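According to Swiss-Prot, the protein carries these features:
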COMPBIAS  677-692  compositional bias 'Basic residues'
CARBOHYD  ASN157  N-linked glycosylation site
CARBOHYD  ASN164  N-linked glycosylation site
CARBOHYD  ASN383  N-linked glycosylation site
CARBOHYD  ASN395  N-linked glycosylation site
REGION    676-700  region 'Disordered'
TOPO_DOM  1-4  topological domain 'Cytoplasmic'
TOPO_DOM  26-209  topological domain 'Extracellular'
TOPO_DOM  255-292  topological domain 'Extracellular'
TOPO_DOM  314-341  topological domain 'Cytoplasmic'
TOPO_DOM  363-432  topological domain 'Extracellular'
TOPO_DOM  456-482  topological domain 'Cytoplasmic'
TOPO_DOM  504-541  topological domain 'Extracellular'
TOPO_DOM  563-577  topological domain 'Cytoplasmic'
TOPO_DOM  599-616  topological domain 'Extracellular'
TOPO_DOM  638-687  topological domain 'Cytoplasmic'
TRANSMEM  5-25  transmembrane segment
TRANSMEM  210-230  transmembrane segment
TRANSMEM  234-254  transmembrane segment
TRANSMEM  293-313  transmembrane segment
TRANSMEM  342-362  transmembrane segment
TRANSMEM  433-455  transmembrane segment
TRANSMEM  483-503  transmembrane segment
TRANSMEM  542-562  transmembrane segment
TRANSMEM  578-598  transmembrane segment
TRANSMEM  617-637  transmembrane segment
Amino acid sequence: GCTDVLCCVIFVIVILGYIVLGTVAWMHGDPRKVVYPTDSYGQFCGQQETPNANKAILFYFNILQCANPSVLINLQCPTTQLCVSKCPDRFATYIDMQYSYRRNKGSWEYYKQFCKPGFNNPDKPISQVLRDEDCPSMIVPSRPFLQRCFPDFITRNGTLTVANQTSFKDGHGKIRSVVDLRDAANGITSLLDAKEVGTKIFEDYASSWFWILIGLVISMLVSLVFILLLRFTAGVLFWLVIFGVIAAVGYGIWHCYWEYSSLKGKPDSDVTISDIGFQTDFRVYLQLSQTWLIFMTSLAVIEAIIILVLIFLRNRVRIAIALLKEGSKAIGCIMSTLFYPIITFLLLALCIAYWAVTAVFLASSGEAVYKVMSTLPDCKYTNLTCDPETFSQSNVTKLCPGSQCTFAFYGGESLYHRYIFVLQLCNLLVFLWLVNFTIALGQCTLAGAFAAYYWALRKPADIPPCPLASSFGRALRYHTGSLAFGALILSIVQFIRIILEYLDHKLKGAHNAFTRFLLCCLKCCFWCLEHFIKFMNRNAYIMISIYGKNFCTSARDAFFLLMRNVMRVAVLDKVTDFLLFLGKLLISGSVGVLAFFFFTRQIPVIQEEVPSLNYYWVPLLTVIFGSYMIAHGFFNVYAMCVDTLFLCFLLDLEKNDGSATRPYYMCSSLRAILNKKNQKRPKETKRGRKQKKEQPKSRH
């Protein structure tokens, strides 16, 4: 019958509510608020069919104000912001413009591009212009970055310059250093260099996505070939994997030593990494001998660990290989299980896409909210809401001279707008629940198919038809509530971990040692709890697929079964995981080496096809990580197969004794590994033997 019906009902209601949440967010949200920058009046820059259609860049009247601490609080710069068609390309001040305007009318035509729309009075006194904020007091050579005008910084011989100048006029009669501009730019961009790296990385993805996709397809084909070979030659192939990894790591040690030796004696190669600090060009680190020494030492430690594990666990490795051979036979009988990860991937992609779209629409919900921005530390109106239409006539401008009524964010006073943050948290929690349910559904489906293989007395004759489809149908029809229950427990723990990570990020600058220590302990505890729940859920789903009981009963039975066989679990299961991990490393490593030679233009045949990149390691790391995840998806089928067969084997040992009435269901190879035998039936008469021969026919 159905298990955990109450949780199933709650799960269905939550899904319906999630659909309603997405619909409401879609009705209220506007992704343009995320895509386009917004000026001080809440208008989009660059939006078609608006006055700003040809003005796609945001310009700051006084970017020096962006170094104010209020930027960190309000995420807005306390100065007027306008949409412009292009950034200024020269130094100029309003005072100099007025002086030259008497001789050259063209100076005003250029300067007024950066004034408020409709303002056309270059003779207006500078004091009144700055009071009414009709025009900026100065402009500096800038370039667009993230659709915003930022000073065009260039470092020449270690000196920071803007348009080959190290100083400028600030429009108030003072000479300022361009370092002040950099500090202001950093205040609003939150580490401009990091964002520049992000832009270059995005450009690299845009130019190399096709080749990244080819690399991932190659890794998928290699993974499939690896699994097919494993079906027939598990022992030989895995020993080749082991020695292949040892050889690859050994080559890495030799290559690092060769690079380390070749850098000896070269100028500046003995500089330490701490001396040069963080560099956006990672090729700088490859010119340091210390970098290659660290690589060589790390690889040597990895090599030693692998060799020691093989020496002390060689007998257990043989047992694990035999268990994998049995798993290979099971997958050979149910080949459709190899392609089930595709279903899981599509379901996960659907969950991720729905969550991301809902999050964007929630973030872009609401009307424009304006707040008072002031550079005066004692202004009591700072950060309060205001109306830009009536702000100039209010008392705020008198009590806080120079204050601005600036667009802050999109929000509102309705019940929906007040609880957008709570809705975002709900969006995240339900997303985690759906993702974990999808993974649980896959695990239970595979476990049911492999359990059907194990409990077939005559393999493959007694295996039911379409075991994977049957297991999938049973899991959805009878055990949706149990799978949702286990997924919910795991999702809550993951949700708490995300909150702890957020708090840790916010408290990085705190000096309270006890708070940091407590937070670190909580993160460690919940990390351990998450991994324990994942392990128990996996085995609980196997028990559900075998006995069809509810989640709590299955989890309890699985836990005590594993505790009664803790040594077998600790050795056999983990050695199997280790061997599969080596296979993932070999696949991702070999595809990664191929990608390295391709993106560094070391393959002459296709050298001209390589796109021009800012950082070749961007597509390289993407291919390596993607290859590892693809191999991980395919090998998860094997891991689930081995775990299911192993759990079934433990149950077989406890429920049966090898007698004629209770024979072992395990195959002969597993019985040989553990020295177990089925008792022979006593000698029978010819008639009895004849009846015995006819017995299988009677079962059908």
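Quick reminder: no glycine exception, Cβ is built from N, Cα and C everywhere.
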Sort out for me which stretch, of 293-313, 483-503, 542-562, 578-598, has the most Cβ pairs below 8 angstroms to the transmembrane segment (5-25). 483-503
Short question: which residues 6 or more past the ends of the topological domain 'Cytoplasmic' (1-4) have a Cβ under 8 Å from it? 477-479, 481-482, 484-485, 544, 548-551
Beyond the flanks of the transmembrane segment (483-503) by at least 6 residues, Cβ under 8 Å: 4, 7-8, 10-11, 428-429, 432-433, 435-437, 439-441, 444, 475, 519, 522-523, 526-527, 529-530, 533-534, 537, 540-541, 544, 551-552, 555
Who are the chain neighbours of the transmembrane segment (433-455) in space, where the CB to CB distance is under 8 Å and they lie at least 6 residues beyond its ends? 11, 14-15, 18, 327, 330, 333-334, 337, 340-341, 343-344, 347-348, 351-352, 463-464, 467-468, 470-472, 474-476, 479, 483-484, 486-488, 490-491, 494, 537-538, 541-542, 544-546, 637, 640-641, 643-645, 648-649, 652, 665-666
Per the Cβ filter (under 8 Å) with a sequence gap of at least 6 from its ends, the transmembrane segment (617-637) is approached by 201, 204-205, 208, 211-212, 215-216, 219-220, 222-224, 226-227, 282, 331, 337-338, 340-341, 344-345, 446, 580, 583-585, 587-589, 591-592, 595-596, 599
Among the glycosylation sites ASN383, ASN395, the one whose Cβ has the most other Cβ atoms within 10 Å is ASN383
Spatial neighbours of the topological domain 'Extracellular' (504-541) not adjacent in sequence (6+ beyond its ends, CB under 8 Å) are 440, 443-444, 447, 483, 486-487, 489-490, 493-494, 496-497, 551, 554-555, 558-559, 562, 640, 643, 647
Helix, strand or coil at ASN383 (N-linked glycosylation site), per DSSP? coil
Residues in the topological domain 'Extracellular' (363-432) grouped by DSSP into helix, strand and remaining coil: 25 helix, 16 strand, 29 coil
Same-chain residues near the topological domain 'Extracellular' (599-616), Cβ under 8 Å, at least 6 residues beyond its ends: 200-201, 203-204, 207-208, 211, 282
Would you mind listing the long-range same-chain contacts of the topological domain 'Cytoplasmic' (456-482), meaning Cβ under 8 Å and 6+ residues beyond its ends? 1-9, 11, 329, 333-334, 336-337, 340, 441, 444-449, 544-545, 548, 550-551, 554, 663, 665, 667, 696
